[in-house]
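Feature annotations, reproduced from Swiss-Prot:
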- 13, 46, 66, 76, 77, 166, 199, 217, 218, 227, 228: substrate binding site (BINDING)
- 75: active site, proton donor (ACT_SITE)
- 226: active site, proton acceptor (ACT_SITE)
């Protein structure tokens, strides 16, 4: 059986996008991993699946599978590619679509200049709902935020915790390019305080409207960009009194613009979505 796919990226965060409405998709965890493999499959940070909605008030359902075969709640860069995909494929003629994700509904809008704005919803800041186990950890206040001290490779690192539909730990660093992201990222991801693991973000504040960001993503490793990570970093920076909305987030894969008015207001992310190529892969070539 041939599986049709489209390869896309959002600021260098790359995806295999599958139309699950017009073809049957039933892959094993090993097949998901092989499809995402850059040596044995197509190669991607994550795999996005377009499906029919399960409720009448949305246009599509959106599923995300990590490169390690685990399914996750949300992906902001993937959401931008999602709306570009369904628009280019003629699956909708709407400029703005409502999409069902694992834990809610998001609104995606295709702008006239080709950029995509995603209404990411309000951030979740209650530690237990991230989820994050704060008991027994040292804390300190900074602005409106509470920072938590984690032991990471023999050092105490102070983090903010934010959920953008998926869990994030955000650390402010002086020089993000030379920070040991590949060494610290896995330690933070698997820290016992995060029962569902966590995406580890490392941001350098350039001015009140600009940051540089690297993210070690849960189940994927460091990626060129992370949309939900950019949102979480900006929320943390605003709450700590370091940033003002809107904020330009510079990643290795490109720039994103994040806006948040605080409190229960939604976070809005704007950035590119690019189609690279289309193809098909023989499922028999993937391990079962």
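Counting starts with 1 at the first residue shown.
Heads up, the Cβ atoms here are built off N, Cα and C, so glycines get one too.
Taken residue by residue with DSSP, residue 13 (substrate binding site) is part of a strand. Straight-line distance linking the Cα atoms of residue 77 (substrate binding site) and the residue listed as 'active site, proton acceptor', rounded to a whole number, equals 6 Å. Cβ atoms within 8 Å of the centroid of the Cβ atoms of 13, 46, 66, 76, 77, 166, 199, 217, 218, 227, 228 (the substrate site) belong to the same-chain residues 45, 64, 72, 74, 75, 78, 215, 220, 223, 226, 229, site residues excluded. Of all the binding-site residues listed here (13, 66, 199), the one with the fewest other CB atoms within 10 A of its own CB is 66. Only 13, 75, of the recorded positions 13, 66, 75, 218, have a C-alpha within 10 angstroms of the C-alpha of residue 226 (active site, proton acceptor).
A Cα-Cα distance of 10 Å separates residue 13 (substrate binding site) from the residue listed as 'active site, proton donor'. Fewest other C-beta atoms within 10 Å: among the active-site residues 75, 226, that description fits 75. Residue 228 (substrate binding site) sits 6 Å from residue 75 (active site, proton donor), taking the Cα positions as reference.
For the recorded site, residue 226 (active site, proton acceptor), the DSSP three-state label reads coil.
Counting other Cβ atoms within 10 Å of each Cβ, the lowest count among the binding-site residues 77, 228 belongs to 228. Residue 77 (substrate binding site) falls within a helical segment according to DSSP.
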